[in-house]
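What Swiss-Prot says about this protein:
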- Cys49, Cys50, Cys114, Cys145: [4Fe-4S] cluster binding site (BINDING)
Amino acid sequence: MQDQQIINPISQSQIPQELSENVILSSVSDLYDWARLSSLWPLMYGTACCFIEIAAMIGSRFDFDRFGLVPRSSPRQADLIITAGTVTMKMAPALVRLYEQMPDPKYVIAMGACTITGGMFSSDSTTAVRGVDKLIPVDVYLPGCPPRPEAVMDAIVKLRKKIANEDVRERGNLMQTHRYYSTTHQMKVVPPIHTGVYLEAAARKSPAAALGAGVGEDMTPALVAEAEKEEA
């Protein structure tokens, strides 16, 4: 009677070479992360001069389509927003609304010094937000004034690595417990500047008396003079 060969279960499994080259073992979470990092859809959103570098990336010289980036004009179709340029107090509510309309999971790249700290406007400006992370959570900070397209591509590569290492089941908890908010801005609703009644304003019909006295002649507005001619 032949002795049966005993295979040690602790030893390395005997997988044929053909099978090992055609089968990939992974998890659903890793597959989901790979799909997301390979098809980031950025929102076309720019507030200042940094957006010029984003426009340069769309051209054939840098060709950011090879990263799977598909520019979208609607926040409901995007999962990445690159805040390129200065964010003002008046633009802050619109930015927060755009971020809230993006489906989860969503990512933010703060591009440029003005976006990260306020930049040249951080010392004496009364309208610039000192850091977009006071409004929305930021995943990647990209300093520069403005950053070169190569730097933007490096930030996208780092974001792809971050997505590859995260677990989709933990991202919701991470975004809730590790927020970057440091200051609550009082974003008050203000009336619009252009009301459509500029020509009917009192300053247009009757200028200040001091202005006429300083010039030394009658300062009747042209519109009022034309109306008097038509009535005559």
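Just so you know, glycine gets a Cβ as well, placed from its N, Cα and C.
DSSP gives Cys50 ([4Fe-4S] cluster binding site) a coil state; it is part of no helix or strand. Each of Ala48, Ala84, Gly85, Thr86, Met111, Gly112, Ala113, Thr115, Gly119, Gly144, Pro146 belongs to the same chain as Cys49, Cys50, Cys114, Cys145, is absent from that list, and has a C-beta within 8 angstroms of the C-beta centroid marking the [4Fe-4S] cluster site.
Other Cβ atoms within 10 Å of the Cβ of Cys49 ([4Fe-4S] cluster binding site) number 14 in total over all chains. In the three-state DSSP classification, Cys114 ([4Fe-4S] cluster binding site) falls within a helix.
Taking the binding-site residues Cys50, Cys114, Cys145 in turn, the residue surrounded by the fewest other Cβ atoms inside 10 Å of its Cβ turns out to be Cys145. In the three-state DSSP reading, Cys145 ([4Fe-4S] cluster binding site) counts as coil.
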